[in-house]
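Copied over from TrEMBL, here are the features:
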DOMAIN    118-278  domain 'SSD'
TRANSMEM  119-138  transmembrane segment
TRANSMEM  147-170  transmembrane segment
TRANSMEM  182-205  transmembrane segment
TRANSMEM  226-251  transmembrane segment
TRANSMEM  257-278  transmembrane segment
TRANSMEM  332-350  transmembrane segment
TRANSMEM  547-564  transmembrane segment
TRANSMEM  571-591  transmembrane segment
TRANSMEM  597-622  transmembrane segment
TRANSMEM  642-662  transmembrane segment
TRANSMEM  668-691  transmembrane segment
REGION    705-762  region 'Disordered'
COMPBIAS  705-715  compositional bias 'Basic and acidic residues'
COMPBIAS  718-754  compositional bias 'Low complexity'
Amino acid sequence: MVIDRVGNMIIRIDKRIKALRGSANKSLLLNDICYNPIYDREFKVEAYLGQIQKNDSGYIMGASGAKQVYSVTEAEGLSQSDFVDVISTAKDTYSSLDDVLYFTRDSFAEDSQIVIDDLFLLAVGYVLIAIFACLYVGRIHWVHNRIWVGFSGFIALGFSLIVSIGLSSYSGYVSSPIEATLPYLLIGIMVDNMFVLVGSLASACRHGHGRNIEEQIGHALEHGGLSILVTSFTDIIALGIGALTTLPLVATFCVQITIGIFGNLVFVFTFFTACLAIDQRRVNQSRNGILCCIVHDTPDKTKARLWQSNNLTKDFIDKYYAPFLNLKPVKVIVILITLGMFGAMTYGWTKLEYYTEDEWWVDEDSDSYKYLTTQKEYFPDVGVNVAVYLGHNVNYYNDWHDISELCHEIEHDKYTMEGYLHCWPELFRAWLIQTEVYNNYSSKLDPQSRFPTSEDNYNDLLSIYLNHSDGKANQDFITFDAGRHIVASKIPLRTIAMHNSIEKIESMESLLRITHETGYSPHDCFPFALEYFDYELNEHLAYELEFTMAVAAGCVIAMTFLVLASPIMAVYMSVCISIVLVDVMGAMYYWEMTIDAASSVVMIQAIGFAVDYCIHISESFLSHGGSRENRMKASLGKMDPACGLTSFAVLLPVFAAKSYIYTTFYKVFLLVWIFGLFHGLVFLPVLLSLIGPRAYLTIENECKEKESKENKSEDNPTSNGSVSSVGHHCGSTSVLVVDTPDSTGPNGTTGPTPLEEHVTHM
C-alpha cells in the first residue's frame, strides 16, 4: 500500500484506542480483537505485542512494545524515505510512546556500510605501516637506509591493488563489504616479500657472494626468491580453490585477493627488484639514502661488518632464544602445551556454530541496529514468517487431496507454530460444505461430497468465496490469469522461535522435505522466507568451508613436498597446518565468534599464512648440515623477525574499528598470527630438533653432519682406543681423526701409530 494508507492506519488505531478510553474492560476488549478490518483477514494480536502481561485467566493485561509491518509501494512520487519521515514524527505526535523504531531494507543497506571513523583508521593504518616498512627495510644510517626502496614497494602494492580490483570487476565480479580488508592483506604480504628479498641481498653482500650487482641480485633471488615464490603460490592455491565455492561473497573476495597476490609476486620480481638493484648501486657508491647526490666517505670494512650484524632481534635469537629452546625440559613443556592446547581447541571447534545476525553488520549507532536489538528484546519468542508457494502446474481441483495432505503435514511439523498456518484450500473446502453455500450453489456441487463437480465450477466458486466476507482475507494469497485460472498461490505459516543455527537450518530442511514429498517439481511447490537466505548461506558455508580448506590444505602440502623434496618435512608441515587451523577455529568459539562469510575468507587464507610461518624454518633446516639442534638454531637465526612484526603491525590500526567486517578480520587474523607464530617458531623447531629429517645431500652438509657425530664421540670416548671416525672430505682437505692410547715402539719409546702416519693434506 502507499504511504498515505500508513497515516490512515495510525488514525484508525488511534480512534480505536480513544474508543476504549473510559472503559473498565478495555484490556478484555483487546483480547476480543481477532479480525483486521484494514487487510480484511484474521488478526492475532499477540503476534504484534512484546513482553505481554497476562492475568491468571490468560487474558492480555498489558504489553511493553508493539510491532506493525507495512508494505510500502512507490507511487505518486512516494518512497521509503517518505515512509521513514512519517514514522520519525510518530513519537512527537504520540507523546505517550517511549520510542518509535523503524527498519527498511534501504536503511539496512545504508547502515551496513563501513563506519566513517573506520575509514580514518584505515588511512592512519596505511601511513603507519608505510613508515614502519620504509624504516625497517633498511637501517637507520645515511647510506644504508632504504627508504626509497620501501616507497617503491608500496608503489608496487598500488599496482597490485589496481590490477586486482580492475581485473575482478572486468570479469563481472561485484564488489562486497569484505573487499575493504583487501588492502590490509596485500600490504602484509608485500611487506614480508620486501623484507625477505632485502634480507637475502644483505646476506649475499655480507658473505661476499657475487662480484657485481647482477650476481648479488641473482643470489638474493636464488634464496629469498624461492621463499617468496613458495609462500605466494601457497596463498594463491588456497585462495584460488576458495574462489571455486558456490558462495558469491566468498568467491568474489577470493578471486580479488588471488589476483592481488599474483600481482604482488609479479611486481616484486620486476619493478621492486629493479628498484632494489638501483639502490644497491647507490649503496656501493656510498651515496646518501635520501639525497643520492650526496656522497659520504667509505667506512672501513670492520665498521661496515659490525654495523651490518648489529641486529638486536637476531642476536637475541642466536644467543638466548635458540639455546633456551634446545633445553630438554623446555622441549617437554612445549610439546605438552601444544597437545593440551590442541585438545581444548578441538572441543571448541566441535562447538563452533555457522551463522550470522543482521545487527552485526550495521553501525551500533544506527536506527537499524536499535530496531533489530529491540526486536530481540521485546519479541524473543516470535518465529519466522514462511510461505509455501504452489506454481501453475498444480491442478487445485484434481490435486485437492494432495494439497490437503500437504497442509496436514505442515501443521503437524514440530517447527510450525500452532494456530499460524493459513491453509486457504482447507478454508475454502470448509466454506463449501456449509449448508447455506450448498443451497445457493447446489448445481455446481456434488450432493455427497459437496465438492465442485468440475474444474470450471471450482474456479467459479473460488472467485465467489474470495469476494465473500469469509474469504476476503485470502485474496492476497492467490494470483489468477485473465481466464480466472490460478497461476500461483501461497500458504502462509509461522515457525516457532529458534535460537541457534542448527534449529533454523533443520526447520528449513523439514519444510523442503515435506514439499518435495508431494511429488511436484521444486519449481511448483517450495517454501520461502527472507531468512532462508541466511539459513542457506550458513548451511552451505559449513560444508563449503570445510571442503575448501581440506582441498586447499592438501594442494598446499603437495606443493611444499614438491618444492622441499622431503616427504617427512611435508608430513610435519601438514601436522602444523592442521593444528593451527583447529586451534584458530576452537579459539573462535571461546571468543564467542561464529563462522560466517567474513571469517571464512580469513580462515581460507589462514592456510597460506600457516605455511608462511613454517616454510622458512623448514627450508632453512633442510639446507643446513650438522646435528638437529645446531640446524634448528641456524634455522631460527636465519628467520627475519620483521616477517612476524609486519603481520602484527597490519592489525594495530584495526583494533579500534567499529565495523563488524574489520573487528572480525582483526580477531581471526590475530588468532592466525598467534597460533601461526607459536607453531612455526616454537613447536616446529622443537619437533625438528627431536625427529627432524636429514639435510639436503651436499658435501658441505655431509661434512657438518659427520663433524657433529665426531663431537658426540669425543664427549663419550671409547675405552678400547678404537677409531671414533673415518676419513672424509671437507672442502679440499682429507682429515683422519684418531682417538687411541700412545703406542710403544720396539725400543719402548712412544711414537705415532701406522694410522697416524697416513694423515695427509691434499
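The first residue you see is number 1, and the count goes up from there.
Cβ coordinates come from backbone N, Cα and C, glycine included.
Because the structure is a prediction, the values reported are computed rather than measured.
597-622 is the stretch from 147-170, 182-205, 226-251, 597-622 with the greatest number of Cβ pairs below 8 Å to the transmembrane segment (571-591). The list of residues near the transmembrane segment (226-251) in space but at least 6 beyond its ends in sequence, with Cβ under 8 angstroms from a Cβ of it, reads 173-174, 176, 178, 189, 192-193, 196-197, 257-258, 261-262, 264-265, 268-269, 537, 540-541, 544, 548, 551-553, 555-556, 559-560, 563, 597, 600-601, 604-605, 607-609, 611-612, 615-616, 619. Between the transmembrane segment (547-564) and the transmembrane segment (597-622) there are at least 3 Cβ pairs closer than 8 Å, counting only pairs 6 or more residues apart in sequence, which means the two stretches are in contact. The highest tally of CB pairs under 8 A with the transmembrane segment (257-278), across 119-138, 147-170, 332-350, 597-622, 668-691, is held by 147-170.
Between the transmembrane segment (668-691) and the transmembrane segment (332-350) there are at least 3 Cβ pairs closer than 8 Å, counting only pairs 6 or more residues apart in sequence, which means the two stretches are in contact. Below 8 angstroms of C-beta separation, residues 178, 181, 185, 192, 226-227, 230-231, 234-235, 237-239, 241-242, 247, 249-250, 253-254, 257, 356, 537, 541, 544-545, 548-549, 552-553, 556, 560, 564, 566, 569, 572-573, 576-577, 580-581, 584-585, 588, 631-632, 634-636, 638-639, 643-644, 647, 660-661, 664-665, 668-669, 672-673, 676-677, 679-681, 684-685, 688, 692-693, 695-696 of the same chain, each at least six residues beyond the ends of the transmembrane segment (597-622), sit close to that stretch.
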